[in-house]
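What TrEMBL records for this protein:
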- Asn109, His114, Glu119: oxalate binding site (BINDING)
- His112, His114, Glu119, His160: Mn(2+) binding site (BINDING)
- Cys32-Cys49: disulfide bond (DISULFID)
- 63-214: domain 'Cupin type-1' (DOMAIN)
- 1-22: signal peptide (SIGNAL)
Amino acid sequence: MKVVGMLMVSALLALASSFATAYDPSPLQDFCVGINDADSAVVVNGKLCKNPSFATADDFSYSGLNVPGNTSTQLRGHVNLITADLMPGLNTLGVSLARIDFEPNGGLNPPHYHPRASEVLLVLEGTLYAGFVTSNPDHRLFSKILKPGDLFVFPFGLVHFQMNVGNTPAVAIAALTSQNPGVNTVANAIFGANWPINAEVLTTAFHLDKKLVEDLQSQEWVNPS
């Protein structure tokens, strides 16, 4: 019984550890402005940070989200994600922000997911069809038509999308709960993998003809950014 008890405690500790590391860690200082120059940095929480005495307001600001992104792409959309690489003051704060631009009549931010973040979307202009799909076994679709001023939240790690269903350009702002949320675009990962996934795998998984799978794999898969 003692062995069983110890195993149960170990399992609970392992679960607690996995939950604790599922999100960006909380900082143990006011801020940690990211820097690549070791000669001008101090180590905080094991990370290189600019010496706080040398931090300026510029480290905590970014200009340019008022500028539309280039939507002359295959998907007719553009994502401008602001992380600590562009705004060093975001480092260790567990947040990032993106501007998403969509061309009229079908501009798309395709099905994708963020392995390290939840997301809340605010529509500024246009009309978007947005939604997410739950995990196994239900695969429930939650979707809505969004207009300026509307918010929609995409839970952590779930596949989601946005498409402009209006006849004017659309713009949205997305806030994400990680300084490095990551993005995995589903079609790109499946059909644009490098090296290609064995066609037999995709033929069986997607109930597709092998020739169609090979044709899809031969195409160029671009990211919406």
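Heads up, residue numbers simply count up from 1 along the chain you see.
From the backbone N, Cα and C atoms, a Cβ is placed for every residue, glycine too.
Note that the coordinates shown come from a computational prediction; the quantities given were computed from them, not determined experimentally.
It is Cys49, among the disulfide-bonded residues Cys32, Cys49, whose Cβ has the fewest other Cβ atoms within 10 Å in the structure shown. On the backbone, the CA of His112 (Mn(2+) binding site) and the CA of Cys49 (disulfide bond) stand 32 Å apart. Non-local contacts of Glu119 (oxalate binding site) by the CB criterion (under 8 A, 6+ apart in sequence, same chain) comprise Val153, Phe154, His160, Ala174, Ala175, Leu176, Thr177, Pro181. Between the alpha carbons (Cα) of Asn109 (oxalate binding site) and Cys32 (disulfide bond) lies a span of roughly 32 Å. Proximity of His114 (oxalate binding site) to non-local residues of its own chain (separation of 6 or more, Cβ distance below 8 Å) is seen for Phe154, Phe156, Gly157, Leu176, Ser178, Pro181, Gly182, Val183, Asn184, given in sequence order.
Other than the site residues Asn109, His114, Glu119, same-chain residues with C-beta atoms no more than 8 angstroms from the centre of those residues' C-beta atoms, the oxalate site, are Ala98, His112, Tyr113, Ala117, Leu121, Phe154, His160, Ala174, Leu176, Pro181, Val183. Around His160 (Mn(2+) binding site), taking its Cβ as the centre, 23 other Cβ atoms fall within 10 Å, counting all chains.
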